[in-house]
Every structure is written in structure tokens, then in C-alpha cells.
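The block underneath contains the structure these notes are about, expressed in C-alpha cells.
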Amino acid sequence: MTLLLLGAVLLVARPQLVPSHPAVSGPGPRQQELLRKVGTLQEDTREGAAANGSTKQLPQTIIIGVRKGGTRALLEMLSLHPDVAAAENEVHFFDWEEHYSQGLGWYLTQMPFSSPNQLTVEKTPAYFTSPKVPERIYNMNPAIRLLLILRDPSERVLSDYTQVLYNHLQKRKPYPPIEDLLVRDGRLNMDYKALNRSLYHAHMLNWLRFFPLGHIHIVDGDRLIRDPFPEIQKVERFLKLSPQINASNFYFNKTKGFYCLRDSGKDRCLHESKGRAHPQVDPKLLDKLHEYFHEPNKKFFELVGRTFDWH
């Protein structure tokens, strides 16, 4: 109930976190009513909770993206921490109208049970590139801490294509080669959604209209793959968690070709769908991709005040 009252106060006060923040509409009457019901729903979940007093809470942290950036790996690694309770599935509350229309009460039901000292985390990679999401999350909790994991934009495009390709193959449906999607009339196809998702600068600008940069921690997805422990340490510090995750929690699986997790003596790896080999692409087409992302990447580096080892 304390969390509900604090959330309500924050929604009413609406502090000006970003100097350039535009005027945004607050929650309507129906949304306000659902906010009042959240406390009741939390009480209801306590009745069926475990003996340790765990209940369901709205997330204090959200992994907002990016698609094919390593969000599942980040969530699994973060779940090694005893003070983290993670939603198992992508909730798609803020970007799917059929979910958002059901209000925060529905959102709360999608969260895991957690104890009072745990952080509740959910991840939905589509949030980062969805125009309506930043304002909606801000209206829920302007003080929330956000995690954004990014990879080299060109590699992210190839991973995006690979995922869709395998989804089609599993359903025995045809899917065109990547060259047919990336190129139109001899030029890069600007209508290809995978390209747009890798324009990090444009999407980040939208988030910074509502949240200060200090509330968004950017995880280097390429480094997380190569050497996960230092990256997860940074996440622990950003979330103000005690340092509980150790280097011994990670081991390199030579068969899979990436790091797996070791938790309480048990080993577990990401699903076989992760780490799939990308399709062979003509080097000239790769050069076009790298050239296309060169300027947007420079703008992104300037925007966030750091650089990444991207082409």
C-alpha cells in the first residue's frame, strides 16, 4: 500500500526531471481509478502469497530493449541476484493497446511474487522503439530506472533477420533472402523495419524527452557476450544492488559458443534459439550497412556521452 501511495504522489507531483520535457497528459479518470485499485490487488495477492510475505509489485526497473540486443541474456544474468524478481515473459503492456487499455491492475497481475526487499523487473524489447511507451512509463513512475542493451547496429539487423527467418522456417513458410529485404533499386531499403530499429539516436531522443540520462543505463550488448561479468557489475551498481553476482556465475560453453550461467551449483544456458549463426552477406552490402549507420552512430555517441566499438 505504501508503494501505491508513493506512486500516486509522484503522479500528482509530476516533477520536472528533464528541462526540455513537454507538457504531457496525466492519467484519465479510468486510469486513476485503476491506480487506486492497485493497492487492493496487492492486498489480494498477499492472501495467496508465500509464508515469507511476498506479493506482487509494479516494476521498479524495466529492460526497455533493444530487440535482438541481448535482453534475454541480461534478464537471466540479473536474475542471479537474490534481490531481483523477474517477470518470466515479455509483458508488452506499454506498447500493445489491448494490454494497456486494461490498466495498471492488469499489469500488476503479470508481475512475479517478490519480497519487500526485492526489485521487480520486466523486459519487453519492443518498448525502446515504440513512440508511445516513454510517456506511458513516465506516467506510471517518473523515478523508474531503465535498462537499455544495445549491440552494433549492423549486427542487430542481421540478428533481427535471422530470428524472423527461423520463425518462418519452423512454420514451413518461405522467407526471402536478406539481400531482397535490405536492398531496393540498388539502395538500402529504408522501409525495412530492421533498419529503423537500429537507428538508436532517433529512438533515444524520444526517451530523453521524459527521462534524464541518469535514469537510463546502457548495457554494451557486444561486451556482455564476450565478457559478461564486468557488464553485470555495472548493472548492479546502477540499480543500487549489493554486489552478489560473481565471476564464478559464468562459464564459457564451447559447444554453444557463448557464456552460460552457474547458479547454486546448477548450470543453465540460454535457449537454443539464441546465438544462431547469421546468414552469409555480400561484403559490399555489409559495407553499405556500416556506411549507413556511421552518422546515426556518431549522433548517438554524442547524445549519451560515450562511444561503443561499432563499425
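Cβ from N, Cα, C; glycine included.
On a predicted model such as this, the values are computed, not experimentally measured, just so you know.
Pulled from TrEMBL, these are the features on record:
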- 1-20: signal peptide (SIGNAL)
- 59-298: domain 'Sulfotransferase' (DOMAIN)
- Lys68: active site, for sulfotransferase activity (ACT_SITE)
- Lys68, Gly69, Gly70, Thr71, Arg72, Arg151, Ser159, Tyr259, Lys274, Gly275, Arg276, Ala277, His278: 3'-phosphoadenylyl sulfate binding site (BINDING)
- Cys260-Cys269: disulfide bond (DISULFID)
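Here the CA atom of Ser159 (3'-phosphoadenylyl sulfate binding site) lies 6 Å from the CA atom of Lys68 (active site, for sulfotransferase activity). For Cys269 (disulfide bond), the same-chain residues 6+ apart in sequence whose C-beta sits under 8 angstroms from its C-beta are Asn253, Lys256, Phe258, Cys260, Leu261. The highest number of surrounding Cβ atoms within 10 Å, among the recorded positions Lys68, Arg72, His278, is found at Lys68. When the recorded positions Gly70, Ser159, Cys260 are compared by the number of other CB atoms within 10 angstroms of each CB, Cys260 has the fewest. On the 0 to 100 pLDDT scale, the domain 'Sulfotransferase' (59-298) averages 94 in this prediction.
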